[in-house]
Every structure is written in structure tokens, then in C-alpha cells.
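Engineer: The structure is given below, and queries will be raised subsequently.
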Amino acid sequence: MIEELQDYLAKEFNIHFDNPALLAEAFTQASYVNEHPNQGLKYYERIEFLGDAVLELIVSEYIYKRFPELPQGKLTRLRAAMVCEDSFSKFAKECHFDQYIRLGHGEEMAGARERPGLLCDIFESFIGALYLDQGRPAVEKFVQRVIFPKLDMGWFDHAVDAKTSLQEFLQRDGDIAIEYHLVEESGTENDPEFKVNVTANGDVIGEGKGSSKKHAEMQAAQQALDNMRNKNK
């Protein structure tokens, strides 16, 4: 499968990995490693951590230079729309990365290949591997093709960082303490679910669920915004 991925990347993106082991690591889930304990395999978790940071930096610099008139708050909202699970999972699907993930049998049968959280992770880990193998210029070339054109296509026109919007909405009339609390953590290691609530001055104003705490917080903030806007109608 990794050899097929190398051929695909070479043909579609003109990307040639000098160290294929990095690519294999980036597309391997823990469940696959657990089912092949004697092969000395690595899975994507550490390399995903790096890819997430690289993507945030490159996207931040790009929108900072492209939109010199945008204030910090709007830059933050735009970046949050571009650098998030929903966007990254769509990019991964568009790049057909879902076809090359190495999964354990149980995860395969559970439909993990279509799971947005996993697709997001794989996109980030691929970026981490590309950065380690070929450096920042190669990553920039890739995202210039895959991510940045979506700005002109209107992908992010109506996307909003709900946490930032909630903060602006609540604090326009004064300082209000906004806090996010992890209420429940369930699911499995490969398919976790987090439940979070958001409070304003100690009162619960919204709840959310997601495959990460960050995503659950976004959902909680969005529910709080919807509730308050409905009250003001």
C-alpha cells in the first residue's frame, strides 16, 4: 500500500519521498501497529503533532500577508476555519488519502477510513512527514495547490470560529468570564468522544460533543451562540 501511495504522490503531486519510512509512519494507525507487533512499526501520532504546528504556521503567514487589511480578530477566525478537523478531513478525502491508510482489521470493519477525525489526523501527519523529508518549501508548494485555492472558491466565506464569536458576543457589554469544562470522555482510544460545556460567569450556556476536546468546545460555543441569538429574535 505504501508503494502505491508513493506512486500516487509522484504522479499527482510530483512528490518523491527520500525516506519512505516517514510516509509509512504518517499513514499508519495504532490499530495496525498493534496487529503487527513484531514488525517494529510506528504510527502517526508524533508526526501528526508536528504537521499540525507546521500547517498552522504556514496558513497564518499566508493569510497575514494576503490580507493586510484584516484585523487580528478576523485573521484568527479565518485561520480557525482553515485549520480545523472539518477542513483537513475534506482535504484528505479530496487528495484520496483515505485509500492509503493502514488500519487494523477491527478499525477497518468499523468504518474508520471514513471517520473525519482520522482523516484530519492523516492529513496533518502527511504534512509532518513531508516537512521532515523535504522541508518547508515542499509543504508550501503542496498547500498552495490543495488549501489556498479554496479561499477563492468561497470555502471559508461563512465559516466562523465559534469560540471567538462567542467571546466577542458576550464581552461587548463588559468583561464576562467564559470557561470550557470537560464533562465526559467516552469511546475508545481510536474513536474517542468528548463532551464539553461552556459557562459564562459560572452558568452553563452551551454543550458540545466531538472527537477531540477542541472540536467539542467549538460545538459548545456554537450552541451557546445559537441559543443567545434565538433569544434576541
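Just so it is clear, glycine is given a Cβ too, placed from its N, Cα and C backbone atoms.
Pulled from Swiss-Prot, these are the listed features:
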- ASP52: active site (ACT_SITE)
- GLU124: active site (ACT_SITE)
- GLU48, ASP121, GLU124: Mg(2+) binding site (BINDING)
- 6-135: domain 'RNase III' (DOMAIN)
- 161-230: domain 'DRBM' (DOMAIN)
- 205-233: region 'Disordered' (REGION)
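I would like each feature placed in context: is it buried or exposed, what are its neighbours, and how far apart are things?
Structural biologist: ASP52 (active site) falls within a helix when secondary structure is assigned with DSSP.
The secondary structure of GLU124 (active site), as reduced to three states from DSSP, is helical.
For ASP121 (Mg(2+) binding site), the same-chain residues lying six or more positions away in sequence with a CB closer than 8 A to its CB are TYR44, GLU48.
For the domain 'RNase III' (6-135), the mean pLDDT of the prediction comes to 92.
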Engineer: Which one, from the recorded positions GLU48, GLU124, has the smallest tally of other C-beta atoms lying within 10 Å of its C-beta?
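Structural biologist: Result for the recorded positions GLU48, GLU124: minimum number of other Cβ atoms within 10 Å at GLU48.
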Engineer: Quick one: give me the count of other CB atoms within 10 A of the CB of ASP52 (active site).
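Structural biologist: Excluding its own Cβ, ASP52 (active site) sees 19 Cβ atoms within 10 Å.
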Engineer: Can you name every residue in this chain, apart from GLU48, ASP121, GLU124, with its Cβ inside 8 Å of the center of the Cβ atoms of the recorded Mg(2+) site?
Structural biologist: TYR44, GLU45, ILE47, PHE49, GLY51, ASP52, PHE88, CYS120, ILE122, PHE123, SER125, GLY128
